[in-house]
Structures are given as structure tokens and as C-alpha cells.
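According to TrEMBL, the protein has these features:
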type	residues	note
SIGNAL	1-24	signal peptide
DOMAIN	36-80	domain 'LysM'
REGION	91-164	region 'Disordered'
COMPBIAS	118-132	compositional bias 'Polar residues'
COMPBIAS	155-164	compositional bias 'Polar residues'
Amino acid sequence: MLNILIVVLLALLLSSCATPPAPTASLQQPPSIKIQHHIVSRGETLYSIAWRYGKDYRELAAINGIPAPYNIYPGQRLRLTGRPVVKVVSTAPKASKTSQAKVSKTSRTKVSKTSQVAKVTSPVSSTATKRQSSSAKKTKTVAKTTKTNKKSLTPAKSTKATARVSKSSIRWQWPAKGKVISRFRKGDPLRKGVDIAGEKGDSVVAAADGTVIYAGSALRGYGKLLIVKHSNEFLSAYAHNHKLLVKEGGKVKAGQRIAELGSSGTDRNKLHFEIRRNGQPVDPLAYLP
């Protein structure tokens, strides 16, 4: 019995002196990776998903090859990054054998007649021919120059006009009456707009004319939310409402009552108001009067 105990003790001592095992991989979570895809949930729209990830809805649609009016369905997998999908559609019709035969016969007949006429007609002097060709070249050169000048001048005018329209076409107004309790801060994910204090049931009005492109509560952190499209460039959002008074697809006018102020998705009664330009948050106070 004593011998067995001695053998066991020796075995334990030898095992403790053995080479330590190779280090294993760390169990810590890997660093956060930028989200590449989004699975559509019920109640979401392309606009609300683009809003969530700070993207322009047109860019998101192009990446996934989704044409207007940008319909999506629950369970659909959307790419958030990548190149736009270009669908190539072949529209050139195949020529039938009959049409080819007709064309060949017609062309042969015309060619033969033309060649015969050319032989019979008396030739024009080489000097006159050269003069005609040189004058024709000059005429073509002048015509091309005129067209080029017109084309080069036109875009400059249209660009200036577009810049003026995008800057001044929308007349903004305050969406609620109350004190601003939180201001916009660029780059801060929690301060993408302004918070306006108020009482439950206070009026929330459209900040400008537009179309309601989202009405619901599927966007986390916004409570009952409305998103209004004012142009291809500008969108506005109205969050934490108590009650929504308009539906998706509805047209709204500046100053129209669209919701009742509330505290859905937050800890106090307030309106969270955002303006997005080409998908990016901008300071509402820079646009409001």
C-alpha cells in the first residue's frame, strides 16, 4: 500500500514539472465590425432603414438594385455597402431572315441602278469638286463649333440655377412651440437633431411641405416616428410622439398638424426633430427661422 502511494506522489510531481500547454485563443469578444447587411423587419421601409444607418435612401436603393417606389419585404437581406447594382437589359431586336432578304435585294437593286447612272452622267470638273468639298468642310466646322459653344454654355447656367433652388426652395418653420433643451452636435449619435420641450398632446406640425414616407415605431430609439420627404435632397423627422395623425404616402403642408407631442421611446415629453440632407444629419437651427 505504501509503495502505491509513493508511485502516485511521484507521478504528480512529474506532471507538475512538465512543459506548460500552448496558450489558447483569447475568449474576449472581437472588436466591433461595421455592419454590412440588414434583414428587413415588419414595419420597416427603405427610408427608415437608410435613416437608421445614416445613408441616402437613393444610395441604399442603388446598392441593392431596388427601383422606385422602393418596395421591400420582411426577411429581405439588404447590403449596406458596396457598388450600385446595374441591370443591363438587351433591347436590340433580332432581324428576321425575311427582312434581311428584303434589305439585301433592295440594296442590290439600288446599288446597281446608282452605278449605271454614275456611268452615264457626265463627270464634273475636278476643280469644281475640290471647291465644293472645301466649302462643305468649312460649313461643317462652323456648325460643329456653334454646337460645341452652345453645349459648353448650357450646363454652367443650369448648375447655377440648381444650386439656387437647392439652397432656397424649402421654407422651414418650427415643428413645435417650446424651449430647445438639447442641441445638434456633429458626429454625436445621440444628438443628431434638436429636442423641444412640451406637454403631452401639444401640436407637432410639418416643418415644410412634403410627403410622409414613414409612420411607425419600428425604428429603435425614436418611439412613434414620422419621416417627411420634402425634396430629393431634404428629409425631416419627428420623434417620441404620443399619437401620429397622418399616414404613409400622405401629402402634408407646412404648419399642418401631423402628430401629438409625447414621450414614446424616451423619459419625458418632448419632440426630437431632425433634418437630413442627402442622408446626413444637419443642424436644424441652421435652417429654422
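Cβ coordinates are placed from backbone N, Cα and C, and glycine is handled just like the others.
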Task: Secondary structure content, the domain 'LysM' (36-80) (per DSSP, counts of residues) - done: 15 helix, 6 strand, 24 coil
TODO: Please give the average pLDDT for the domain 'LysM' (36-80) in this predicted model.
DONE: 92
